[in-house]
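Since the structure comes first, as structure tokens, the remarks are kept for the end.
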């Protein structure tokens with residue numbers, strides 16, 4: 001019988017014997033959850049005279065906010081840039097499978113594609129909460145087609161374009177709709193990009209700089225117009241040069257508007273970024289690091305050939321190449337693997353590694369009031385991890401949605 005009827009009939013769960021990531025450090029505290037939200041126990045005790053209806057012993061494990069992946073092209077045989085009749089079931093499948101890797105929210109990412117593909121796919125991406133069905137969908141990340149041909153990476157050159165005279169209207173016509181779009185990656189040196197960045201930012205859409213040959217002043221100008229993110233730092237951009245560090249220079253630029261933070265995505269898979277480069281970026285700007293998988297359809301599948309949008313790619317171990325070349329094309333790493341690699345490569349604290357996959361992406365998207373922390377009132381999307389940061393259980397809105405079989409709880 002719930003003892004808090006005066007406020008709510010909903011049961012209260014108390015997670016005990018755990019170390020919570022809160023306030024940037026692991027603390028020995030209990031976690032209280034009701035109606036999908038994290039509860040302040042003091043208010044419960046003193047205002048409601050309430051107590052827990054169910055207690056769960058976490059056996060000394062870590063409780064941390066659920067991971068948020070803002071750049072994932074697909075996985076488990078599903079390609080988010082491939083228009084199919086059952087596209088939504090592909091989103092469902094990936095959303096379900098990434099729960100075991102600690103991802104509780106994600107942005108399905110489309111690589112450069114023809115307008116007809118955007119028109120077919122974007123209306124099928126529904127922003128929705130996570131649950132037993134899978135991780136929540138925060139909106140689409142549209143990477144391209146307004147990028148540099150010189151830095152196309154694995155994007156198909158014949159689909160890459162510049163802006164027409166009325167740049168923002170051109171973007172609207174290309175995508176068809178911005179209703180579900182959360183992030184747009186573009187190259188800021190393209191004529192008309194300043195107008196586009198301003199218009200997207202005005203609509204609450206995050207603008208990311210990537211697949212670009214921009215110099216530092218072009219990148220700084222883009223940030224002054226509202227850009228806040230860098231797509232997979234170091235990859236598909238000009239290499240750092242001491243006289244003009246290019247987009248990489250944003251990490252230590254003194255021309256970032258007051259009160260603004262530039263975030264940068266990092267594929268911490270041991271393939272895309274040398275550990276030394278990972279350490280340089282992290283030490284230069286630790287609060288901006290956002291771990292992303294940049295995973296393709298081959299994540300979770302056997303080595304061999306798979307699709308990535310308009311291209312065929314080949315998986316060889318952890319390497320993924322455009323078939324017949326040595327051009328890297330996305331990764332097959334999972335988010336929990338990226339977190340562990342980041343921890344090992346940088347020697348950072350466990351708290352720092354976990355926040356790079358939770359707090360920072362939430363801050364980037366402006367949703368840190370409900371995601372990315374275990375603060376009171378936040379959504380109860382969290383993970384139970386062992387000391388080596390292997391996911392033992394995943395919770396969304398306070399409900400267990402995945403558990404490692406051997407947990408024995």
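In case you wondered, yes, glycine gets a Cβ from its N, Cα and C as well.
If you look up TrEMBL, you'll see 294 marked as active site, proton donor/acceptor. Sequence-distant neighbours of residue 294 (active site, proton donor/acceptor): residues of the same chain at least 6 apart with a C-beta under 8 Å from its C-beta are 71, 72, 73, 109, 232, 265, 267, 272, 330, 331.
If you draw a 10 Å sphere around the CB of residue 143 (Zn(2+) binding site), it holds 28 other CB atoms from the protein chains shown. The Zn(2+) binding site feature in TrEMBL is assigned to 143, 211, 232.
If you look up TrEMBL, you'll see 154, 235, 236, 243, 272, 328, 329, 330 marked as substrate binding site.
The annotation domain 'Amidohydrolase-related' is assigned in TrEMBL to 62-400.
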Cβ contacts of residue 211 (Zn(2+) binding site) (under 8 Å, same chain, 6 or more positions away): 143, 144, 147, 148, 151, 152, 153, 155, 185, 187, 231, 236, 237
Residue 330 (substrate binding site) CB neighbourhood, other CB atoms within 10 A: 33
Residues satisfying Cβ distance under 8 Å from residue 329 (substrate binding site), sequence separation of at least 6: 153, 154, 296, 308, 311, 313, 320, 321, 322
Greatest C-beta neighbour count within 10 angstroms, which of the binding-site residues 154, 328: 154
